[in-house]
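Features as listed in TrEMBL:
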- 1-104: region 'Disordered' (REGION)
- 11-26: compositional bias 'Low complexity' (COMPBIAS)
- 37-58: compositional bias 'Acidic residues' (COMPBIAS)
- 77-91: compositional bias 'Basic and acidic residues' (COMPBIAS)
- 187-208: region 'Disordered' (REGION)
- 189-199: compositional bias 'Basic and acidic residues' (COMPBIAS)
- 314-337: domain 'Glucose-methanol-choline oxidoreductase N-terminal' (DOMAIN)
- 495-509: domain 'Glucose-methanol-choline oxidoreductase N-terminal' (DOMAIN)
Amino acid sequence: MSDWEDSGSEPVAKGKTTAPTKAAPPVKKPAKSKWDGEDEEEEAPVSDWEESSEEESEEERKPVVAPPKKKGTLKAKLAEKEAEKAQKAEAGDEYDSDDVLDPRAKALKDKERELNSDLSNAAELFGAAGLGEDFQKLSSQIFEYIIKRHQSKPLYPSFVEQLARDFAQPLKDVEVRKVASSLTTLANEKQKEQKDKASGKKKKAAKPILGGSKGVGQRLELLPMSERTEFDIIFVGGGAAGCVTAGRLAAANPNLKILILEAGPHSLNVDTHVQSARYVANFLNPNKLSKSFTLHVAQPSEAVANRKIIVSAGRVLGGGSSVNFMVYTRASASDYDTWEVVHENPGWGSKELIPLLKEIETYTLPTSNSTHGKEGPLKISFPDNNVNVGEQFLDVAGSYDKERPVTEDWNNFETGNGYGVWAKYVDDKTGRRSDTAHYFVYNQPESKNLTILAESRAVRVLFKDTRAVGVEYVTANAQSPGQVYASKLVVLSSGTFGSPAILERSGIGGEDILRKNGLIQLVNLPGVGEKYKDHDVVLTHFAASPEAETMSHIFHAASEEALQSDVQEWKESGKGWIAHNGIDAGCKLRPLPEDVQTMGPAFEKRWKEFFESSPEKPVMFAGTLAGEADVAEFRWLYKHLREIARRMPLYRGELPEWHPTFPVGSDAASKAVNTPVGIDAPKLVYTAEDDAAIDEFHRNRVSTAWHSMGTCAMKPRDEGGVVDSRLNVYGTKQLKVADMSICPENVGANTYNTALAIGAKAAVLIAEDLGLNL
């Protein structure tokens, strides 16, 4: 994958981090389909060379002349060579120089010629090998024509030794050492086999779930059918979307054998994953962080003061739904309509997705809005003990900002410019987090058809030709990778970073990226890992009076004992601070016409292109200050929210380290008297130097909101798409992607709700494709 880099108004991140372990080449099986016809049936003819339509009679046969070389398949080249040999033998010139040899010497000479002929075939075929498909076929032909025929001959070992040197001669030193390391491993394995055989020691039987494949980086063969552990469907990743899809299919189809292969640990009843207020502990505790998150570090960028932006991704069953902030925010209807219309994805518009989202939620607050669900597994609530800071924010915003109302429901898919109470993914009866692991997977423990294999990281997808048939994976304690097989389908749900990485390790991706990482290409799909999207965030802190209610005693508790009384209240009643996430108020904002004019031509262009004609679409920030429009958006938003904060009765000034350093004497600088101003007080006035200070502050402070998406985009293949509208990976069979990586465009909201929509839609599509219940 490419390094993260600037790309105008596109996100800074164009790719992903490299694979945690050294990537191994995909299965070296001969592919039956051509690069320009990956979707052909397996029985389709492979050969792309043409036979002459003119046949020569015996009388008119002319002397054999070597035909001009033309590009063809390996099989065609071999056929040509065999034809030439036959013609020579028929002409009677094969053994002209051997008349004086005795029968034994002549037989040895024949063997030598046979070996030389095979070597000549292989050498000539090397000239045609360019794409990954060619090298896969070449490997099979070398095995068939050289290794298989001559491995029992006395001179074979010395022949291999010399041939290995010749093969490795063009390689770099590091590549030669890699080959040598592989041979050393092979020698050690054979030595161990001989010792075990001599001592009469029997080889230990593999555990049922472990496939016992060869080591990563070596030639990988599929296990015989009798040795396979097989499921109907394998989900590679148990994230927010994956748990929804797997759970719904398992619940509706008791005879369907499903495996969830999850890189992270279980989250079942773990305090920091089920106690709503404890989410902060997941990323404040370094030891916990290493278990629950994967950290992805971008390349330094001038746009963010040469810093390395760090993006966290959930690495636990439930994915982001087990570690996020639990805020209930839905995208605008027009976001999904863009997916359907602009990116040609029928069935992915708001009319199709909103009913699916209603099915999986229970919205506990009475509402007249028909877009909310009442009987779904995930509970949406408004805790009883809202902090007074949030209440004051909404009071002041409604009085100060008369152009934007405080609305009862700003998550109705239509409101894109207003303030409101922020609902939460929290069960109002138990005070527990509403995550997909507990409410779609762990809630059916009696199910015999759903298997979870945690702390098992997928290495690559196993293919037979271009049909996905299983997954190779590794565990922390296993000495070699394991294999599991899928008779019907493999679904990648490993997230925006994980899914494209697995595709590339499986040989699916851009040619340059795969070649640089020593991977053989199975399917040419340049869109894999590209067009990363996210939301940007900058934190600005204000001082508050002692009357302000906060959750610092929960978020920054010194020990578990310090939380004992709060936890006990939560266990007994499902109430109290432990049932709270500390986020009570929020907003979706659109600049007013006068605001757009002050933000410069770069933002004005973006506004007209994406937002002006969609009044329900709020402004969300994609990329990391990649262009002037991004900088202008942040500058406007900082000024706007600063005016609201300084009018709140609890306001007691600004914490200097969390705000810009304005020029000395600036009217925009924080004043010594840190008390709130009246609702009708004039706005602060900013100079060009003040704006520059704000921009510099944002470049040094901006990070992402961990709302990653878009690296396996669902759009046409010739536009950089990776999956089609039914989530099938282009150029493959029985392989889908179902997670936030498929988003073809950004959404104006936190991404958990969108992940739920993808998971629910994926279940529908899979059920339709396989004729299952739902």
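Including glycine, each Cβ sits where the backbone N, Cα and C put it.
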*Over the span of the domain 'Glucose-methanol-choline oxidoreductase N-terminal' (495-509), count residues by DSSP class, listing helix, strand and coil in order.*
11 helix, 2 strand, 2 coil
*Tell me, roughly as an integer, the mean pLDDT over the domain 'Glucose-methanol-choline oxidoreductase N-terminal' (314-337).*
94
_I'd like the per-state residue tally for the domain 'Glucose-methanol-choline oxidoreductase N-terminal' (314-337) from DSSP, helix first, then strand, then coil._
9 helix, 2 strand, 13 coil
